[in-house]
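> Okay, handing you the structure first.
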């Protein structure tokens, strides 16, 4: 098995123009793997720590030179000589070297960049695609995309409290679903223009029009789906990411768009109303990460009819997910590799979720890069769903293009389950 010859880190930029970490892993047989880590805007309080320099003279304090230095001077020395195909040992070595619960010494961004680059180097050494290296011959399911086409909350400068309004194309193949979504996206742009609304795009490639009520985007999306020639719910469904932790204060949900302060029960009733009125198949972070009792009620109320995805509440952490499963919280988990900070721990979380019957949604972050690792990961683990932004901005499109390549490569072996991924 090829051993690690060298590990190098560098500071590069993400899609928001902020510094992030890139790592390269060199093997003795000449193989090389490279990976760049993303960064989030709305983050769970228990996420692994993204190490920043906090030097106001560089990048307004957002530099990552310390994380890069940790790769070049600390991590590299420990990994040289280890077998690249032994991902568990590589990751375990870095985690133990860090020695903290949230990877705050070396930085989750440093550890993750090396972890993902190691997997890429190993795949290159074997001469196989990344998805096949990670998942073996069972890796053949293309994910149904949840595409963020209207932004609110922290992702936009408008009155909307909810962070993401998504379309979910349900064709018979990934390629066809992508086409359907593109046609809805461009129709949506035309509708927004006709209403005199802003069609500039945000961090994730979605529109951020000035809409006054949290329900308004859902009505416009239904209109766009119909005008594009599709049937809402049958051809193209809807999904929400509320990022509710962002508007949860003192036990209440502060909906500024509606001018209301809701209790957990009232918030659940509002979500039930939206599900009754619109073809919603998935709700992410419908309640705050601090409102576990509310989450239990939400799951009991809506869990048999819609997918309830835990992001901030689980932060891709296998221990927290196991606790949530035991308590009957949610029925799906959003998987963000940089929330936990290593490939091994990410795969552990996915395994625990699937064993418990929870769905997994592989996800990007709002600060992305050209790296397409999550596209391969979604196929490798047969997650069945991916969230990687809208139908604009190269940092988002790169993932969709990679999935098109994978579907073509798999040929007749490729699976695309569409709406079946959301059936309760």
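Cβ coordinates are placed from backbone N, Cα and C, and glycine is handled just like the others.
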> Swiss-Prot records 336, 365, 366, 387 as (2R)-2-phosphoglycerate-binding residues. Which of 77, 87, 138, 163 is assigned to the same site?
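For (2R)-2-phosphoglycerate, Swiss-Prot names 336, 365, 366, 387; of 77, 87, 138, 163, the listed one is 163.
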> Can you find which of 235, 241, 348 Swiss-Prot lists as binding Mg(2+) at the same site as 284, 311?
241
> Can you name the recorded positions among 163, 241, 284, 336 whose CA is within 10 A of the CA of residue 204 (active site, proton donor)?
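Hits: none.
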> From the Cα of residue 163 ((2R)-2-phosphoglycerate binding site) across to the Cα of residue 241 (Mg(2+) binding site), what is the distance in angstrom?
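On Cα coordinates alone, these residues lie 6 Å apart.
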> Would you mind reading off the Cα separation of residue 366 ((2R)-2-phosphoglycerate binding site) from residue 311 (Mg(2+) binding site), to the nearest angstrom?
14
> What is the interatomic distance between the Cα atoms of residue 336 (active site, proton acceptor) and residue 365 ((2R)-2-phosphoglycerate binding site), given in whole Å?
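Between the alpha carbons of residue 336 (active site, proton acceptor) and residue 365 ((2R)-2-phosphoglycerate binding site) there are 7 Å.
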